[in-house]
Amino acid sequence: MAREKEMQEFTRSFFRGRPDLSTLTHSIVRRRYLAHSGRSHLEPEEKQALKRLVEEELLKMQVDEAASREDKLDLTKKGKRPPTPCSDPERKRFRFNSESESGSEASSPDYFGPPAKNGVAAEVSPAKEENPRRASKAVEESSDEERQRDLPAQRGEESSEEEEKGYKGKTRKKPVVKKQAPGKASVSRKQAREESEESEAEPVQRTAKKVEGNKGTKSLKESEQESEEEILAQKKEQREEEVEEEEKEEDEEKGDWKPRTRSNGRRKSAREERSCKQKSQAKRLLGDSDSEEEQKEAASSGDDSGRDREPPVQRKSEDRTQLKGGKRLSGSSEDEEDSGKGEPTAKGSRKMARLGSTSGEESDLEREVSDSEAGGGPQGERKNRSSKKSSRKGRTRSSSSSSDGSPEAKGGKAGSGRRGEDHPAVMRLKRYIRACGAHRNYKKLLGSCCSHKERLSILRAELEALGMKGTPSLGKCRALKEQREEAAEVASLDVANIISGSGRPRRRTAWNPLGEAAPPGELYRRTLDSDEERPRPAPPDWSHMRGIISSDGESN
């Protein structure tokens, strides 16, 4: 309770000093209170309480201003200001004060009224002395803004941010009002002039001045008004950025990011409005006299540019999908996906083009016109070219895919196994085996394989049998080849290895009638020993042939 009382006293004393409401925000009040109380931060409940107290003080200020309006009515009547359709005494009083100060405080407005009115009236006041019609127009605009500003004040259920918009309404409300009719500035100007002429009955001197001003310095005043509106738009943007920063701080506490998106939309509308104004100003400088044409062009420039920008984007997306269709195997379904993707890109390009300058819009329009002029025959040629390209690419793609296709398709064709051996992975493993110093008959080794996966597994097994460990590489293969050559050399030099080893089969004797193969050790010993120790073979037995052949040619 003590802290709440302290906050209440602080807000009362703070608003008694009449602060500048056009730049005042909740975060500024919070910082001032922290500096006043000497604390580093506030709790969320304290922040809400401080917001509520600030809103109460603002409502009290409005009540006090309503009481002081009646006193100021006499002053504005004495100042001989022309009566306006919406004669707000508070606005009249402020205009009187600003003119008495001779426009010196245009940038820092008086603090007797809400900031939405003050910003408009203070910036338009130097032009009012030269052109009373402009003054009446500014007053009408501000009266519309006040009507919109009073709505959130009447609704007590709305959030504190929306009430803050109502009190500091210029930063939020004015872009929305202008968004409703961005290209109808000249129409509102005419209406304002007609109403001001009907209402101005008494001063004859002022009407004469108006006629002179209209005849002599019409173009100069219009250019001045345009420059003033540009300054207003710049100030609006600055204030919008400040309000966005506050919203970010508050949203970080609450976790709600919706207001920021709203303010971004308003900033877009303000930029669109500024681009329309620049167009209309350029046309006036060039000397376009027809005001109706200006209205039509300004009103339809945004919509037409958005509408005309669609066909080139769609055409580009169609060409892209046609080119992609030849490269891919499944054409129609992926074309639909591509066209679906093309729509959001078209929307995004439309948004960027709206935010861009008028030169970008004109270049887009020229491009669209050139595309539409070059339509018909050239477009058909383009489509024919793209279809030819896609058919060519489809042929090459189908041939390569058939080479890498399923094993069933390969089994039905002649020489399909040979094509499988040309697979890059198979060729690489063959090169590794060759680098290891081994030579294999791949026709026998890979003849029974149906797919390149089987070939790869067989070749990897061969590499492992040769002694390859891990992923094969040419460096490992060279090292393995050296090891194998070294082992072969050692084996050839080892005598015991030669005798016992089963190398290439050699023919030791022409024919052994006994059918007994002599052991290899016996053969080696026979060559080393002397002739005496060699066993003699038994003499042949010819007894069974004695009756057939006799030595003397006679038979018994």
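Just so it is clear, glycine is given a Cβ too, placed from its N, Cα and C backbone atoms.
The following features are taken from Swiss-Prot:
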COMPBIAS  64-77  compositional bias 'Basic and acidic residues'
COMPBIAS  99-108  compositional bias 'Low complexity'
COMPBIAS  126-158  compositional bias 'Basic and acidic residues'
COMPBIAS  168-177  compositional bias 'Basic residues'
COMPBIAS  209-224  compositional bias 'Basic and acidic residues'
COMPBIAS  240-254  compositional bias 'Acidic residues'
COMPBIAS  260-269  compositional bias 'Basic residues'
COMPBIAS  304-322  compositional bias 'Basic and acidic residues'
COMPBIAS  385-396  compositional bias 'Basic residues'
COMPBIAS  523-536  compositional bias 'Basic and acidic residues'
MOD_RES   S27  phosphoserine
MOD_RES   T84  phosphothreonine
MOD_RES   S100  phosphoserine
MOD_RES   S142  phosphoserine
MOD_RES   S143  phosphoserine
MOD_RES   S199  phosphoserine
MOD_RES   S291  phosphoserine
MOD_RES   S333  phosphoserine
MOD_RES   S357  phosphoserine
MOD_RES   S363  phosphoserine
MOD_RES   T471  phosphothreonine
MOD_RES   S555  phosphoserine
REGION    64-426  region 'Disordered'
REGION    403-527  region 'Interaction with the histone H2A-H2B complex'
REGION    502-556  region 'Disordered'
Using DSSP and three states only, what is T471 (phosphothreonine)?
coil
Within 10 Å of the Cβ of T471 (phosphothreonine), how many other Cβ atoms are there?
6
Cβ neighbour count (within 10 Å, all chains shown) around S27 (phosphoserine):
15
In whole Å, how far is S27 (phosphoserine) from T471 (phosphothreonine) when you measure between their Cα atoms?
65
Mean of pLDDT values spanning the region 'Interaction with the histone H2A-H2B complex' (403-527):
74
